[in-house]
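These notes are about the structure you will find just below.
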Amino acid sequence: MSRRLIYVLNINRESTHKIQENEIYTYFSHCNIDHTSTELDFVVKNYDLNRRQPVTGYTALHCYLYNNYFTNDVLKILLNHGVDVTMKTSSGRMPVYILLTRCCNISHDVVIDMIDKDKNHLLHRDYSNLLLEYIKSRYMLLKEEDIDENIVSTLLDKGIDPNFKQDGYTALHYYYLCLAHVYKPGECRKPITIKKAKRIISLFIQHGANLNALDNCGNTPFHLYLSIEMCNNIHMTKMLLTFNPNFEICNNHGLTPILCYITSDYIQHDILVMLIHHYETNVGEMPIDERRIIVFEFIKTYSTRPADSITYLMNRFKNIDIYTRYEGKTLLHVACEYNNTHVIDYLIRINGDINALTDNNKHATQLIIDNKENSPYTINCLLYILRYIVDKNVIRSLVDQLPSLPIFDIKSFEKFISYCILLDDTFYNRHVRNRDSKTYRYAFSKYMSFDKYDGIITKCHKETILLKLSTVLDTTLYAVLRCHNSKKLRRYLTELKKYNNDKSFKIYSNIMNERYLNVYYKDMYVSKVYDKLFPVFTDKNCLLTLLPSEIIYEILYMLTINDLYNISYPPTKV
């Protein structure tokens with residue numbers, strides 16, 4: 001901030017011309033005062049600095065503490081010239097309160113000076129909220145200001161109760177919020193080093209602070225810290241765990257600290273692992289209900305490495321599997337409902353049933369459609385799971401809901417329709433029959449014109465005719481793309497590769513590529529596993545030697561790609 005005088009006090013006046021109150025108010029409230037200036041020297045020697053403004057009750061000291069050009073040097077001069085540090089404003093504000101909650105770049109020395117000038121010291125009830133308000137101001141107002149370790153230490157040493165509550169919060173609640181928001185994206189806050197944060201928390205504990213104090217919502221400071229959307233604050237979290245916060249306290253919503261983290265807007269995989277490990281090491285085995293909630297709630301939340309996290313959770317909590325239900329839904333149902341494609345992929349690879357219904361008879365596709373909050377991703381998620389759906393009734397139900405599906409990406413919508421036409425033989429004919437119906441045509445007006453929709457369907461239909469005319473050994477390309485059995489598709493692998501490069505298929509080339517890659521990787525991993533287990537198959541002491549290699553291949557093809565991959569590359573234990 002540039003040093004610019006807003007107001008210049010006239011000191012060359014006759015002795016009969018006294019300094020007016022409004023002049024002092026303007027001077028101390030708005031001027032960028034130089035502590036060596038003749039104006040300041042003139043004022044402190046010729047004006048009663050403890051004279052109060054009639055309405056606000058401000059003295060010269062109060063005015064200066066609210067000055068945006070505040071400096072410690074000027075404040076020291078005022079303190080040395082007898083300002084009364086115990087006088088309150090009309091609103092009840094003490095000077096030391098204004099200093100700690102309003103001023104920037106405060107010197108520890110001036111805080112000590114001001115406190116020492118008060119004969120009541122800080123044990124008086126007027127000062128009971130001073131420490132809390134000091135830290136709160138750095139959290140809410142002065143976000144770029146540092147929390148001075150020496151000031152915190154002084155306030156605690158002078159007898160301020162660290163467990164004093166205001167609106168349910170203690171000073172530690174606000175300090176933990178400061179620590180969390182330092183790492184929150186978009187926040188412009190001064191960094192807090194881990195060593196300094198640890199020293200300040202240690203100061204609180206040494207002076208009797210309750211690390212597990214509850215606010216009005218039942219949250220401990222650690223609850224609040226974990227509930228804030230954070231980014232890469234692994235080391236800070238690790239430091240806070242050294243104070244061994246209580247992991248079993250539930251807030252008013254029934255959430256423990258770990259569940260607060262799981263239900264926040266952002267999950268860091270390494271922090272999740274760290275929290276669970278700390279719980280099991282220091283508390284013991286986690287209750288089954290909490291384990292179940294952790295896994296199900298995790299799926300609903302954005303995370304940095306969802307595939308790694310769900311794998312870790314499923315391996316860690318052995319009694320949670322693909323059949324486990326919570327509120328009538330399986331893990332796969334929840335993953336579909338919240339468009340978590342990474343988790344969907346993992347659960348299907350470990351044999352999760354995409355066609356299973358919820359307790360109230362809803363299919364996964366219906367859960368995706370019903371979740372309006374995720375409407376921008378509805379088509380893409382439906383498109384993602386269509387490759388796993390074989391129930392024609394489900395496909396037909398999807399087709400019937402096409403007019404109401406939100407369209408945010410026309411290319412994804414075209415691909416979705418191409419899948420529906422491929423998997424539902426009756427789709428095109430039913431569309432043609434209803435083409436002239438005004439009710440049918442009007443249903444599509446919300447997201448796109450009917451003519452555009454009709455054009456997409458016609459284009460897809462023409463290409464399906466071309467698929468039916470394209471022969472692949474003893475069948476057609478149309479039948480191959482509709483087949484989900486990778487063992488049957490294996491014999492068409494070479495032909496699929498050839499058609500995959502055929503430029504005449506513009507719409508179905510992506511589906512061809514998916515089919516080809518699925519079969520290719522399945523065949524590759526079957527061969528890898530067979531080669532790896534070959535010494536076992538050929539061991540004369542093993543009964544498997546009695547089986548022909550064709551039968552062994554049949555057995556291996558019954559496994560999922562995930563199973564085959566784990567046999568080929570055994571996962572390390574977490």
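Think of each number as a place in line: the chain as shown, counted from 1.
Any Cβ shown, glycine's included, is placed from N, Cα and C.
Source: prediction; values computed, not measured.
Among the features that Swiss-Prot reports, repeat 'ANK 2' is placed at 135-164. Using a Cβ-Cβ cut-off under 8 Å and counting only residues 6 or more beyond its ends in the same chain, the repeat 'ANK 2' (135-164) has close neighbours at 100-102, 104-106, 108, 111-112, 115, 121-123, 127-129, 170-172, 174-175, 177-178, 181, 187-190, 192, 196, 199-200, 203-204, 206-210, 213.
Per DSSP, the secondary structure of the repeat 'ANK 3' (167-213) breaks down as 24 helix, 1 strand, 22 coil. Residues or ranges marked as repeat 'ANK 3' by Swiss-Prot: 167-213.
Swiss-Prot lists 217-249 with the feature repeat 'ANK 4'. For the repeat 'ANK 4' (217-249), residue counts in helix, strand and coil come to 15 helix, 0 strand, 18 coil, using DSSP.
In the predicted model, residues of the repeat 'ANK 5' (253-285) average a pLDDT of 92. For 253-285, the entry in Swiss-Prot reads repeat 'ANK 5'.
Annotated repeat 'ANK 6' per Swiss-Prot: 327-356, in sequence order. Assigned with DSSP, the residues of the repeat 'ANK 6' (327-356) fall into helix, strand and coil as follows: 16 helix, 2 strand, 12 coil.
The domain 'F-box' feature in Swiss-Prot is assigned to 541-574; the stated evidence is sequence analysis. Taken through DSSP, the domain 'F-box' (541-574) splits into 21 helix, 0 strand, 13 coil.
With a threshold of 8 Å between CB atoms, the same-chain residues lying at least 6 positions outside the repeat 'ANK 4' (217-249) that come near it are 168, 170, 172-173, 175-177, 179-185, 194, 197-198, 201, 205, 211, 255-258, 260-261, 263-266, 268, 270-271, 274-275, 278-279, 282-283.
Assigned with DSSP, the residues of the repeat 'ANK 5' (253-285) fall into helix, strand and coil as follows: 20 helix, 1 strand, 12 coil.
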